[in-house]
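Visitor: Dropping the structure in here first, questions after.
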């Protein structure tokens, strides 16, 4: 049953007016859709728009006060991230809506691995096929081929579970279960197509469970309740199918009413249904071991080597002696035209003896050797024991009218695969309940894989034990006609066959109800996504969210399966849809793994793209093995839905893997990429590297290219650019030489990307043109990387540092991120291997997550692989440092990042004399006052009159520099928020002084300035 992971922001304790509350509610409504799923505009749990009005009065962070107009402080962000809760969706949500009259009760998820994943998966996997068809499959295919069928199907689901575990642990999985995983990994077209196929599979599963329920009811519990009764043996199959249609339709209507009235009843009975499954399986094992000492007495009557239906006679005799007289039995009447001993009888009946064979000879009887091999045959083939003597004389045309046990369908290996496969489905039950789990990222993989391992063990042992205990003719008797209409698996159980009959009946009822509960919610989730326009009506429901229209649609489709009426015909249909769903789960995992998107960081580590491709291939093979024409039909349906969504559906950007692949697909991809900006999950630094060249057009800082290689690892876009001053006509030769030198340097540093040399009348305009126009279509840069102008103080030309500041302003205006490497020549080259050390991140202002993403990307490269990541954040006087640390650790856990966390306290100390001294030196330089000889009195007067804003900013730089040097002087790399330049260009030189003070005493530093968008997310 699909559930969702809904995140609700917890408001802080400040009082607000009624108008402010109304505004907040309006904003909340805009961020949350009608189904309670947060919009993906903000990739974090809570949007931080409400923090924009916050002001900051302290002096510690004055250098960043302009940033705080648009970006939250880290402490504020972490406080919001920590205070969230999840509301379970689906059935529990509707139940609470009914109980509380529309007011949802906010409860923390408490379900663990066992109750939340293991048992639901166990209940969904074990079911109707085990009780009604497994003995027949073992008898028909033999033990060896049955083990092959079980092995193929269980291997398919195990490989799919591994892929599913990787996807499910790569962030939070909200409502929709497998549909959400596939659609967010492969895009709306694939997601919609496969989601609808999974919906159809779940719906037809409901049909199969209802048909199983009616088959148990009419065949084994109350056979006399049949409305259509066959007068001739050849009409029995049609009569059974008609009874299934009538009773199945009534049962479907009853179940639909139960689900419509309230799914709370289904939820409360779930434990009862599960208990029925477990008790039934225990009864089977108990019965098997009891056969060692005392096999049950279920004799099978044989005529020659043919099995007889033991429904219309009581004694397995042709004649009997009563009062010393030889009289004919009821069996005689079935084969002869009279009761007299001289009546005309069937020739085969006269030529062969009647014998009794023990249907369950027991575990130690050695019958296992007889059941090793397959016994396939056409429709109407008689069930025979080849070891018994048989004299010819039969007429095949007449045999169909006689009470022999015969095949009701043509049997072959691939058919049995299609019939058996539904017995291993249900592995998504855990991922569908992610919102109910205490730790979904741990519980889903462990619970699902353990459930598959447990059920695989049950199926394998049942195949072997059935073949070792039950005679082959009874195994091949699908409906138990040779043992007076008993359920074959029931004859083996202990203490009574009724344990299995009643248990399997309630198990099928429960599974049918759960299918009718889950399928409408899956359709509702697809409809509410808005990717299939004609399904939008099914997104609506009752006032409490119950999917009324979707339930009606589900019941209508389910009725199609009921009208087919044959369990053996419906099973391959739902096998196709489930196999297609599992195929795309494996494909999604494989694509994400091969693309290596920065957001692909599953906590479940035991996966590999080769396993996903093997699972995908196995799913495709099983589709065509089971039924090649059903496979083609299912693929045609999915293809039609795909094309419909592509041409008519709403455009969605979910950060899918196909989006990543399109970056390498030339023209078609470029056109696609221009349609919408990339989603947060696909965001990676697409670099524009601004290189400086010397007078001979040689690269000044080749280590900047080394850093580019280590940061990119050959992924995404890299444009290495340079600007030459002059006109293109006069600088043509220099331009080509510069381009050649840059390409050589790129080759030497193994930097994969493009070279772009621009000739401009001045350096400033050239850099501006590059920032605006570099790239093509969707292949444009989003990040500018440049070196710190280390000689700006010594240069007589102020244009160097003015160009640097203007570049900062232009990247900010273009919403591009900026990376500035200080002391770039000391950075490691690609051949270096840094030992154990740290990459220190100083997270002062939240700028979209760049500071979190960059160390993760660097550590993917072998140069930085052994480095550990440390994150420092700054606490103010009013902040709770201990709580901030806990919140930051939880935030990193959701981001799937491993890092040490430290909160540094910076209190509002008095501004030191050293700070005033540094400020005065700065202002003297900028005002050319250092040429003036000031007396001590004049100097003190100058200090008193100095700009207090500059004093506060210098105070921030000095204090922050002290803390950073103290904590991170030995780090291999320090990443630090880059303060923005002043709005007024009059303070540009002061801004450079602030940065110099901030970075003083540090070796390798990477200043980071975000581009105004989120670049990292907790969502899958």
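Note: Cβ is positioned from N, Cα and C throughout, glycine not excepted.
TrEMBL entries are annotated by machine, without manual review.
Pasting the feature list from TrEMBL:
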type	residues	note
COMPBIAS	12-33	compositional bias 'Basic and acidic residues'
DOMAIN	117-294	domain 'Amino acid permease/ SLC12A'
DOMAIN	407-688	domain 'Amino acid permease/ SLC12A'
DOMAIN	702-820	domain 'SLC12A transporter C-terminal'
DOMAIN	823-1020	domain 'SLC12A transporter C-terminal'
REGION	1-52	region 'Disordered'
TRANSMEM	114-136	transmembrane segment
TRANSMEM	148-169	transmembrane segment
TRANSMEM	190-211	transmembrane segment
TRANSMEM	244-263	transmembrane segment
TRANSMEM	270-289	transmembrane segment
TRANSMEM	409-429	transmembrane segment
TRANSMEM	449-475	transmembrane segment
TRANSMEM	495-513	transmembrane segment
TRANSMEM	549-567	transmembrane segment
TRANSMEM	573-595	transmembrane segment
TRANSMEM	607-631	transmembrane segment
Visitor: From the DSSP assignment alone, can you count helix, strand and coil residues within the domain 'SLC12A transporter C-terminal' (702-820)?
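Guide: Result for the domain 'SLC12A transporter C-terminal' (702-820), in helix, strand, coil order: 53 helix, 26 strand, 40 coil.
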Visitor: Pairs 6 or more apart in sequence, C-beta under 8 angstroms, 3 or more of them: is that satisfied by the transmembrane segment (409-429) and the transmembrane segment (573-595)?
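Guide: Between the transmembrane segment (573-595) and the transmembrane segment (409-429), which are separate recorded stretches, there is contact, as judged by 3 or more close Cβ pairs.
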Visitor: So, do the transmembrane segment (270-289) and the transmembrane segment (449-475) meet, by the test of 3 or more Cβ pairs under 8 Å (sequence gap 6 or more)?
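Guide: Judged by the Cβ rule, the two regions touch, with the required three close pairs present.
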Visitor: Any residues 6+ beyond the ends of the transmembrane segment (495-513) with a Cβ under 8 Å from its own?
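Guide: Counting only partners 6 or more residues beyond its ends, the transmembrane segment (495-513) has Cβ contacts under 8 Å with 123-124, 126-128, 131-132, 205-206, 209-210, 212-213, 216-217, 220-221, 251, 255, 258-259, 266, 269-270, 272-274, 276-277, 279-280, 283-284, 286, 486-487, 489.
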Visitor: If contact means at least 3 Cβ pairs within less than 8 Å, sequence distance 6 or more, would you call the transmembrane segment (573-595) and the transmembrane segment (148-169) in contact?
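Guide: Between the transmembrane segment (573-595) and the transmembrane segment (148-169), contact is present.
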Visitor: With pairs closer than 6 in sequence left out, are the transmembrane segment (148-169) and the transmembrane segment (549-567) joined by 3 or more CB pairs under 8 Å?
Guide: no
Visitor: Which of 114-136, 148-169, 244-263 shares the most C-beta pairs under 8 angstroms with the transmembrane segment (449-475)?
Guide: 114-136
Visitor: Which residues of the chain, 6 or more past the ends of the transmembrane segment (148-169), have a CB below 8 A from one of its CBs?
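Guide: Hits for the transmembrane segment (148-169): 137, 141, 178, 181, 185, 413, 416-417, 420-421, 423-425, 427-428, 431, 434, 440-441, 444-445, 448-449, 452-453, 455-456, 459-460, 463, 579, 582, 585-586, 588-590, 592-593, 602-604, 606-607, 611-612, 614-615, 618-619, 622, 1020.
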Visitor: For the transmembrane segment (244-263), find every same-chain residue at least 6 residues outside the stretch whose CB is under 8 Å from a CB in it, and list them.
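Guide: Tertiary neighbours of the transmembrane segment (244-263) are 91, 94-95, 98, 206-207, 210-211, 213-215, 217-218, 227-228, 509, 512-513, 516-517, 520, 546, 548, 551, 555, 558-559, 562-563, 565-566.
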